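Copied over from TrEMBL, here are the features:
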type	residues	note
BINDING	His48, Leu50, Gly77, Glu98, Asp126, Asn141	S-adenosyl-L-methionine binding site
COMPBIAS	1-10	compositional bias 'Basic and acidic residues'
COMPBIAS	18-34	compositional bias 'Basic and acidic residues'
DOMAIN	55-223	domain 'Ribosomal RNA adenine methylase transferase N-terminal'
REGION	1-46	region 'Disordered'
Amino acid sequence: MNGERTRESEGESNGATPRRDAPETGARDPDALLRRAGVRGDPNRDQHFLVDDRVLDRLPEYAAEANVDLSHVLEIGAGTGALTDRLLAAGERVTAIERDPDLAAFLRDEFAAEIDDGRLTVVEGDALEVELPEFTASVSNLPYGPSSELAFRLLPEKRPLVLMFQREFAERMAAEPGTDDYGRLSVTAGHYADAEVVEPVPKEAFSPPPAVQSAVVRTTPRDPDYEVDDEDFFMAFLKAVFTQRRKTMRNAVRNTAHISGLGDPDAVVEAADEDLMSARAGNVTPAEFADLATLAYEVGEPGDPQ
Ligand SMILES: C[S@@+](CC[C@H](N)C(=O)[O-])C[C@H]1O[C@@H](n2cnc3c(N)ncnc32)[C@H](O)[C@@H]1O
């Protein structure tokens, strides 16, 4: 990769002073970063780099306007560092995780001054596997392949998040009961945080453009307005009944015992509220699911979920 780097970067790589492509804003230009890195994003490696300055600038603003503590921002999938640069400007410290060894090497070179100052740590590795640092917030343009697993690695950390997802995923995450988008993802994400879609982002904001539209989600951690005895069972129960979201809850509970691990699903149906058993999963609120999961755990002989 370094052999492909342009003259723009030559002679600047002494690590002493941060690069500034746009003196008026002080920000690095995303296209110049791509040229200096000498890369084209590889969609097979979830590489779609943000090249729209306005979207890049707004991502940390979504956190700042919610008074999020940006003293240590975690960025997952830092790419060529266009967002990293904005996060360094908005916050005090950034830890940037990047799986691609060439991009991680580029980041270490491009941001040598910030690394020397102790403001940036580049972690080379898979964000699903590396140990996460203590962070106060995460602002990330996530790789879409593992975005669900990444979201559910971050949400239990109970920190504010501003994350770019595929638009459909974002809308399902933030959906309310009774809407078409409401489902397992809405309830499981809502277990940890309030989620709101703050901006749809068109394909053209990325290089190369992804196949689908994107959207930014901001999550604000909070405790749920219900209690569950066993969180793992609650999650397994949701997974089970939402595989049959168009069936009544009565049938969904009965038909999915192999997923939820319930030994006696009929006992749950008999003990549960009649109206609730006649409802469809897409209309059941998180609190109602929690009550039902608690009941199921008590009377349904739970075993090992799938
Ligand atoms: C959508 S791009 C975003 C890049 C950059 N943040 C931007 O906005 O231009 C996702 C980045 O995540 C990296 N990536 C893909 N899978 C990853 C994983 N499992 N862990 C860490 N980084 C990953 C890719 O190499 C790519 O640089």
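The chain as shown is numbered from 1 upward.
Glycine is treated like the rest: Cβ placed from N, Cα and C.
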Most distant Cα pair in Å, residues His48, Leu50, Gly77, Glu98, Asp126, Asn141 binding S-adenosyl-L-methionine: 20
Around the Cβ of Gly77 (S-adenosyl-L-methionine binding site), the count of other Cβ atoms that are within 10 Å: 25
Proximal but sequence-remote residues of the same chain as Leu50 (S-adenosyl-L-methionine binding site) (Cβ under 8 Å, at least 6 apart): Pro30, Leu56, Gly79, Ala82, Leu83, Asn141, Met164, Ala205, Phe206
For Asp126 (S-adenosyl-L-methionine binding site): intrachain residues, at least 6 apart, with Cβ closer than 8 Å: Arg99
Assigned conformation of Asn141 (S-adenosyl-L-methionine binding site) - DSSP reduced to three states: strand
Residues near His48 (S-adenosyl-L-methionine binding site) in space but at least six apart in sequence (CB under 8 A): Gly41, Asn141, Tyr144, Phe206, Ser207, Pro208, Pro209, Pro210
For Glu98 (S-adenosyl-L-methionine binding site): intrachain residues, at least 6 apart, with Cβ closer than 8 Å: Gly77, Ala78, Gly79, Ala104, Leu107, Val122, Val123, Glu124
